[in-house]
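Encoded as structure tokens, the structure appears first; notes follow it.
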Amino acid sequence: MRKKIVAGNWKMNLSLEEGQSLHKTINSELEGASANCEVYHFTPSIYLTSLINEDQKVQVGAQNGHPEKSGAFTGEISMSQLKAIGTQAVLIGHSERRQLFNESDSFLKEKVDAALSEGLKVFFCCGESLEQRENGDYNTTVVNQLKNALFHLDSTDFQKIVIAYEPIWAIGTGKTASPEQANEMHQNIRKSFAHAYSKEIAEDISILYGGSCKPSNASDLLTQSDIDGGLIGGASLKAEDFLAIISTYK
Ligand SMILES: O=C(CO)COP(=O)(O)O
């Protein structure tokens, strides 16, 4: 059965002290609570070593990783280096990486392969631009992103993959997809897995929604039939907001 997941993507925000304090607060609030969803913090890589602790509720992931194991890639961190320090998961294909750092589908595919070979859990992001939404190209755009980076994998690999649908026009804009628009896309994504693999894979994979999700709209979005959780940006930076979103699954 697919899992419910709430993940915070801190992006390039919070000082080390703020990050440690936020992580500690979320962990202590979840301590002893019955686990109805998995919780992740995707933090700046430089904070990973100070936050990773296998015994805690909140799992810690990186926002990026390079597919090569080692070499002359100044400024980069490899998936194997992430794994070596105990990182549990990695975000791949976030629209900010695609747009601001020109990451192509084929590069993302290499990252997915490298992350899986290290045993990291992959949170693979997909989503259409406003123009593609308005053109009516959104379903094809998103399915192509999945096809190009994921559909060469074996069915067993999907135990380590979570999909995050993040329409670009909803990220950091205060505009959210309506629960119906988001659920329609999640169903479309699930269909593409059923078509490429099997009904079982499609039913088992967790698909998160991201894009201006906050306490006031979380319960409408995250309780839709095909939405299994959220990838939260701005609202993950305040313990109160992030906990309120997590409490959707209490
Ligand atoms: O990009 C996001 C999470 O990865 C969403 O960001 P916001 O929640 O700030 O819109």
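Placed from the backbone N, Cα and C atoms, the Cβ positions cover glycine too.
Substrate binds ASN9, TRP10, LYS11, GLY172, GLY233, GLY234 as TrEMBL records it, and from the list SER45, SER198, SER206, SER212 the residue named for this site is SER212.
Between the CA atoms of TRP10 (substrate binding site) and GLU166 (active site, proton acceptor) there is a gap of 15 Å, rounded to the nearest whole number. With respect to Cβ neighbours within 10 Å, the binding-site residues GLY172, GLY233, GLY234 differ, and GLY172 shows the lowest count.
According to DSSP, GLY234 (substrate binding site) is assigned to a helical segment.
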